[in-house]
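Engineer: According to Swiss-Prot, the protein carries these features:
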- His99, His101, Glu105, His144: Ni(2+) binding site (BINDING)
- His99, His101, Glu105, His144: Fe(2+) binding site (BINDING)
- Glu98: site 'May play a role in metal incorporation in vivo' (SITE)
- Asp104: site 'May play a role in transmitting local conformational changes' (SITE)
- Arg107: site 'Important to generate the dianion' (SITE)
Amino acid sequence: MATVLFQKTNERYTDQNEVSAFLASRGVLYEQWDVSKLPAELVDTYTLTDADKQTILDTFQSEITDVSERRGYQTADIISLSDATPNLDELLVNFQKEHHHTDDEVRFIVSGHGVFAIQDDEVGYYNIELNPGDLISVPVNTRHYFTLQEDRKVVAVRIFVTTDGWVPIYEKDPIETAN
């Protein structure tokens, strides 16, 4: 279950009703999907073959189809990051640059953990700390960045409006990220 950490105050929301209400008030879609149906051999597996990735997509196809039909998404893929990922640190540098997209940024956490830090005019930056089973959709044109938690591992389903995939728009100088 996700938590929300406010970077300015270090206040943290852990109650799921509070988390859901806050994210909804910011236009962030938040859902929880059942990860217990993931095949046992893929739980906490971060080096994935193409067949493994397809198995994950197939396992969650009904959920992917449901959210896609509701929100106009067209395609999905799998990203897996861990210390075994070539050039992990360079990838994280790109993800940690503040950016936005011309479509929603949708992620479902299958294994591991991730953090989306979202810029908000009212509360400043807040971190959405994601765990297995959490799905979020960062709204179009919302400034944010992504990083990993201390375990430096995540497997996520990425869902896109177009087949262009992840297309960041950088407009500002890099910011110092806070976890």
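Each residue, glycine too, has its Cβ placed from N, Cα and C.
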Engineer: Using a 10 Å cut-off, grab the number of neighbouring Cβ atoms around the Cβ of Asp104 (site 'May play a role in transmitting local conformational changes'), all chains included.
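Structural biologist: A 10 Å sphere around the Cβ of Asp104 (site 'May play a role in transmitting local conformational changes') contains 21 other Cβ atoms.
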Engineer: In terms of DSSP three-state secondary structure, what is the assignment for Glu105 (Ni(2+) binding site)?
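Structural biologist: Note: Glu105 (Ni(2+) binding site) is in a strand by DSSP.
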Engineer: Using a 10 Å cut-off, grab the number of neighbouring Cβ atoms around the Cβ of Glu105 (Ni(2+) binding site), all chains included.
Structural biologist: 23
Engineer: Relative to the Cβ of Arg107 (site 'Important to generate the dianion'), which residues of the same chain, six or more apart in sequence, are found under 8 Å away?
Structural biologist: Gly114, Phe116, Leu130, Leu135, Ile136, Ala156, Val157, Arg158, Ile159
Engineer: Let me check the 10 A CB neighbour count of His144 (Ni(2+) binding site). How many other CB atoms are there?
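Structural biologist: I count 22 other Cβ atoms within 10 Å of it.
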